[in-house]
């Protein structure tokens with residue numbers, strides 16, 4: 001084979017490999033799984049009076065997800081869909097209620113408290129560290145560490161999470177990738193324990209049932225079977 005033929009053959013092989021990789025990435029891309037229909041089906045549960053109705057948008061979510069390329073990438077389409085189903089099951093529960101389907105309704109926790117523990121991180125005077133955002137980031141130490149990771153003043157201005165939709169989604173994804181994703185192989189039940197372990201072992205059985213119900217529903221929408229160990 002001549003040098004020119006060798007170069008052409010090499011380039012063709014590279015282009016074919018690139019196309020194959022691109023096709024794989026696109027097939028399992030977060031934007032392809034979290035379609036407008038899927039996202040809006042959750043957001044539409046919230047009444048128009050909900051503060052989160054216009055705050056939580058798919059565009060803001062996708063902008064935030066760009067900061068976490070490993071999110072929703074589990075090596076297979078079904079695995080990626082299960083992770084996204086699990087994430088949005090918790091978002092639906094945390095921003096709504098388990099009494100009725102009102103996902104993406106609340107930006108801030110209803111029952112507000114200070115949530116200040118100064119053993120490792122300080123609290124700013126007059127600030128409260130109650131739940132905010134899609135996964136309801138709570139406690140001063142979480143705001144401190146998350147703020148350091150995402151470059152915002154979590155201790156001094158926790159309210160920014162409720163003002164900036166993209167940042168709100170980024171805090172949720174930060175918490176997910178840091179505290180929840182590592183336990184995904186153990187099943188959905190382990191993710192409940194990672195987010196709110198007080199619900200487990202009979203602590204709040206209705207809440208656990210609600211989270212599992214959302215997870216099963218979203219898996220069904222994706223046309224996949226939930227994995228075992230959904231309860232805690």
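FYI, residue positions are counted from 1 along the chain as it appears here.
Keep in mind that glycine also has a Cβ here, set from the backbone N, Cα and C atoms.
Model, not experiment: these values are computed from the prediction.
Positions annotated as active site, proton donor by TrEMBL: 94. The Cβ of residue 94 (active site, proton donor) has 22 neighbouring Cβ atoms from other residues within 10 Å, across all protein chains displayed. In the three-state DSSP scheme, residue 94 (active site, proton donor) is classed as helix.
Taken from TrEMBL, the feature disulfide bond covers 50-105 (among others). Around the Cβ of residue 50 (disulfide bond), a 10 Å sphere holds 20 further Cβ atoms from the protein chains shown. In the three-state DSSP reading, residue 50 (disulfide bond) counts as coil.
When secondary structure is read from DSSP and collapsed to three states, residue 123 (disulfide bond) falls in the coil class. Residues annotated as disulfide bond in TrEMBL: 116-123 (among others).
The annotation disulfide bond is assigned in TrEMBL to 200-232 (among others). A C-beta separation below 8 Å, combined with a sequence spacing of at least six in one chain, links residue 232 (disulfide bond) to 189, 190, 192, 193, 197, 199, 200, 201, 208.
The annotation domain 'Glycoside hydrolase family 19 catalytic' is assigned in TrEMBL to 50-72. In the predicted model, the domain 'Glycoside hydrolase family 19 catalytic' (50-72) has a mean pLDDT of 96.
As annotated by TrEMBL, signal peptide applies to 1-23.
Note on the disulfide-bonded residues 105, 123, 200: the fewest other CB atoms within 10 A surround the CB of 200. Within 10 Å of residue 105 (disulfide bond), judged by CA to CA distance, lie the following recorded positions from the set 94, 116, 123: 94.
Counting only the Cα atoms, the space from residue 94 (active site, proton donor) to residue 123 (disulfide bond) is about 24 angstrom.
Secondary structure at residue 232 (disulfide bond), as computed by DSSP, is coil. Cα of residue 123 (disulfide bond) to Cα of residue 50 (disulfide bond): a span of 29 Å.
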